[in-house]
């Protein structure tokens, strides 16, 4: 089984990765670009040639379907997104779609038609790399995407969402799509995009939750002044205030420990010149945890600490909480089924959370959902150096195939 999947991956992954490949390495496959369209069209042809019924929905999500014999109205869905970040790797997203097809193709050959219908999905978009909108693919599956939210947006080059969509043969709907009611389970295989599995020598991650996230933009207002003539005790230095906030907050996060993570990712001092005390500094905060209450309490304390530091230093502060996403648990029964499968197959696995967002978080509140992680070498992703050992790739497809067998081929 592993040998079969290794060979299948070695043949199909370079093929699929050729669409949108950058000459200097990596991949760029943005929503409704020519590269995106070619990928979806070629993947559609390949799935059709293997015996699956293929179709696009109204926004470009691609499906490959194998009808069930006893419960054709019940769909077990597997796949991931087909788009990439700019100059990304060839595993994030697309390997989940490819793996679903390889797994279903093998199951069809071994066992014939399933009892329940199985479908591969290559979702149109997840990354938000071209337009300021994320999860366009999965949100449309459940009627969660409002066309008005994208009707007037453009990419960095001024191309409108609507025009890009039309160029690929799709038309923006006038209203949200009708939610699918036939999906009974969703299984997403994905690279970990972190270093936990590799660091522990494990090949499979059973995901039990996707972290909640809170993101802020914070602006500190002090006073710009001469760097040579303003004594230290008379300064309202916003970079100094930021440095105190950053140090204190990161130390608290370290004491809190896993799974809490805290990142000060973007810092913009003004006027940002060598001989002026910075009178304004804007920075971002990204905080994540699997427990909503812990995340809320930690960030509330962080806000209080920032205000206290600024009050002490006579610095004005504006705190904008612009993302507040709850943690998303995976389906307990599917997590248990997947864990039992790993035990039975004697796989080297761990139950873990996902520190990144995935399409599965759109599915999980609506249909039973689980995720399978495979290792990322050196924890690198969103990078041309994104890699996973071929044996781990094959182990992931095998695990997915066994899970789909239980869900669709057994009663």
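Any Cβ shown, glycine's included, is placed from N, Cα and C.
For reference, Swiss-Prot has these:
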{"type": "BINDING", "residues": "81, 92, 190", "note": "Zn(2+) 1 binding site"}
{"type": "BINDING", "residues": "92, 127, 382", "note": "Zn(2+) 2 binding site"}
{"type": "BINDING", "residues": "215, 275, 288", "note": "allantoate binding site"}
| task | For the recorded Zn(2+) 1 site, whose residues are 81, 92, 190, find every other residue on that chain with a C-beta no more than 8 angstroms from the centre of their C-beta atoms, and list them by sequence position. | result | 80, 91, 93, 94, 95, 96, 126, 191, 358, 359
| message | I'd like the number of other C-beta atoms within 10 A of the C-beta of residue 275 (allantoate binding site), please. | response | 8
| said: Spatially, which candidate from the binding-site residues 81, 92, 190, 215, 275 is nearest to residue 382 (Zn(2+) 2 binding site), comparing Cα atoms? | reply: 92
| request: Could you say which of the binding-site residues 81, 288 has its Cβ with the most other Cβ atoms inside 10 Å? | output: 81
| said: Quick check on the binding-site residues 92, 127: which one has the highest count of other Cβ atoms within 10 Å of its Cβ? | reply: 92
| query | In the structure shown, with every protein chain counted, which of the binding-site residues 190, 382 has the densest set of Cβ atoms within 10 angstroms of its Cβ? | reply | 190
| note | Cβ-Cβ distance under 8 Å, sequence separation of 6 or more, same chain as residue 215 (allantoate binding site); the residues meeting this, in order, are 284, 285, 286, 287, 321, 322, 323
| query | From the centroid of the CB atoms of 92, 127, 382, the recorded Zn(2+) 2 site, which same-chain residues not already listed sit within 8 A by their CB, in sequence order? | reply | 84, 85, 88, 89, 93, 129, 193, 381
| field | Whole-number Å value for how far residue 127 (Zn(2+) 2 binding site) lies from residue 92 (Zn(2+) 1 binding site) (Cα to Cα) | value | 10
| said: I'm trying to understand the geometry here, so how far is the Cα atom of residue 275 (allantoate binding site) from the Cα atom of residue 127 (Zn(2+) 2 binding site), in Å to the nearest whole number? | reply: 40
